[in-house]
Amino acid sequence: METNVPEKKILGFPEEMNSTIQFLSVEKTTCRLPVSIKFNIPKKISTKRRRISVEEEEEEEDENKTKLSSWEKVLSSDEILRLREVSRRKYLTDRENKKVEELRDERKDDDDVEGYRFPDAYDQEGCIDQKKRFDVAKERYCERRRSGRVVTEQEAWEDHQAQKARVRFGAKDKKQVVDGYEFVFDDLTGFVEESSEAETGKHRGCYSKTAAEKAREGREFLPIHGYREELLKLIEENQVLVIVGETGSGKTTQIPQYLQEAGYTKRGKIGCTQPRRVAAMSVASRVAQEVGVKLGHEVGYSIRFEDCTSEKTVIKYMTDGMLLRELLIEPKLDSYSVIIIDEAHERTLSTDILFALVKDVAKVRPDLRLIISSATLEAKKFSEYFDSARIYLIPGRRYPVEKLFRKCPEPDYLETVIRTVVQIHQTEAIGDILVFLTGQEEIETVETNLKRRMMDLGTKGSEIIICPIYSNLPTPLQAKVFEPAPKGTRKVVLATNIAETSLTIDGVKYVIDPGYCKINSYNPRTGMESLLVTPISKASAAQRAGRSGRTGPGKCFRLYNIKDLEPTTIPEIQRANLASVVLTLKSLGIQDVFNFDFMDPPPENALLKALELLYALGALDEIGEITKVGERMVEFPVDPMLSKMIVGSEKYKCSKEIITIAAMLSVGNSVFYRPKNQQVFADKARMDFYEDTENVGDHIALLRVYNSWKEENYSTQWCCEKFIQSKSMKRARDIRDQLLGLLNKIGVELTSNPNDLDAIKKAILAGFFPHSAKLQKNGSYRRVKEPQTVYVHPNSGLFGASPSKWLVYHELVLTTKEYMRHTTEMKPEWLIEIAPHYYKLKDIEDTRPKKTQRRIEEASTSKVDTNKKTRTSKVDTNKKSKR
């Protein structure tokens, strides 16, 4: 244990000298003065001493002259001469002694600057060589280690710090040599030098437990630990088991380990699905740490475009979409002994498809164990779907939560959120606050306004630390939500609904729930997806309230009346684009998708729209069976239109450029970012990728971004300068690498044609020809095949530029208007050339010059003639084969 001594003025020292004295720590158990004192003495002190000596000499000479003048009156001349001689000799002797003293002081001053004073024993022993000093210190360090006593990490750190401030050689029981100075101490705290990681690492390794050991010990304190034996018995007796356990009970991390310890991995792997890729990665990392193995060996994960597993892997975490893709290769899941579908209450699109598929697999594989894990009490529905499966409830670690309601909804709930945060901060006990908001825009708005409100309050209250968390936030900033707030402050976490179940933030005592979330909704009639702000369900409200009762009693402030909410959220399968689902089912040999065993059947018009789109893309034939093109498309873990674009690039000799564009589109809209205080510079940097003789469009601009980044050797600094998110670019590179490998797998020739922009645009159109629009007189656009008015998205490089007459777009989104996102200019005759089965001349007729019309007609005629010749040749071939 060490007691640190603060800075304190030393009596008799000049002011400038006092300001530089520092003291290192000293052991509390002894009454000795500090054994090692470090201080700095300015060089001008020696000059000041010399000046004082000269003044003393002058005063002494004046005094002597006065005395001589008085004595001259009474003494004879001989006596005066003799006395003068004696006085002169005495004066010279004293002066010589003073000079020697001054020189000694000057040398002492030089030695004391930036130096240390050793104890008397060191001076008496003489100079001890460097090796001997370190040997003495090392012996003292190893002495405690040999004693066999277990030392905690904190004690090891304290001992190491004390050793740095303690005398390591010479006699420790002697007072330090400091001539002529008196020190005054008080009880305040001083400072010791900060340890570097390299210095303290070895001590930490010797004295403290590893992170893996701590993680293993923490397993015993989870709520699920007491139910281990009972749980294993139920899994052995029941092929299908529905487990209900609150978030934080340990079901996700512990059940796979219990099964491994019980010997289930001898018959195959244990697979556990997660609805989000971030959850799959973080949980796998935690379990690998608890098991004590390297991530990717015995414990691994698999997410889209990333596989961190090996032949040794026996516990595998994955997204539900990845297990769905494994079913394409291994329909009976023969390599698995247990399948755990975790977070089943979220009812994602892939989860609902998995329910039906694993239900069928369990019927043909009696040895397979199927566990459905949920954090809500919707277990009865799961049990009924799986033929009255057994339900097992694991109690959570919950404290009482006081719920406060608003009688009527607030018109401006963001302002109410800010007022509630300030109210809690000023009136409630210490504890962190968790606020649920719908997305990044709302989080940034509340963060800005809350900071302004706290500045207006000034020093009336303690400080708050605002920690936002959303998907596009850089990882280091996301990690701040898990750091405890400094003493005397309060942390305010602004989060999306990811904090409902996927994240556990300790220290939260208050929850503010406005009662809204964003859900993705697809309109099959228009083919448009919209991210809508909608009220949450009662199940979600219960999850949010539970976040405040994990470490102690909490409060939940609800800005709504819970009676107005629906019991559960609408499953994603009833509000999503089903094209990829139908293509997957067709590739599995399931022809009748309308009578498929869905837990909640999707709308029929959504299934019809998906079948029509797949037929237009060439993935299905006239009777609804998958084609060779469809078999190649299903190999790519992307949207069917995107996969058709990749497959179609082979014809236009630009497959390398197209997979780059596909990878950039797959990372979403998180490539560019616009800081609030640098929006003009960010927009200018983004438009640099569009500059050309003509505006190239968003797809080509994304290609240029990736190629420029590659030329800069994948530089993070370059991304910062261009206002590009390096995290998104690295993910795009990983996606591109996997797409490149899949191209080789399906036998597509790798070609490059970077200078032929028309060829690249045609390849894009090969997959996205249903997404075409033409310019109207009022500046808006009209979809070619649908009577719908759409607009260029403000984030597009074509927004505000000279309008192009014809565009192809990546997707439609509904915000304030129906916007086309990621647009590129095209020529109308390409529609007839690429998709004559989908477009007719009347679809693209307008007031164009006759030459353009003639080119379109010629392209259409030549395409029809080619198709006729192809059909005729096929008929002739069939006749010859029959003969």
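Glycine is no exception: its Cβ is also placed from the backbone N, Cα and C atoms.
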Can you say which of 2-5, 174-177, 342-345, 858-861 is given as motif 'DEAH box' in Swiss-Prot? 342-345
Find, for the listed binding-site residues THR247, SER249, THR252, the residue with the lowest Cβ contact count at a 10 Å cut-off, counting only other Cβ atoms. THR247
Spatial neighbours of LYS251 (ATP binding site) that are distant in sequence (at least 6 apart) but have CB under 8 A: ILE224, ILE243, GLY245, ASP342, SER373, ILE394
Count the Cβ atoms, other than its own, that fall within 10 Å of the Cβ of GLY250 (ATP binding site), considering every protein chain shown. 20
Helix, strand and coil residue totals from DSSP for the motif 'DEAH box' (342-345) stand at 2 helix, 0 strand, 2 coil
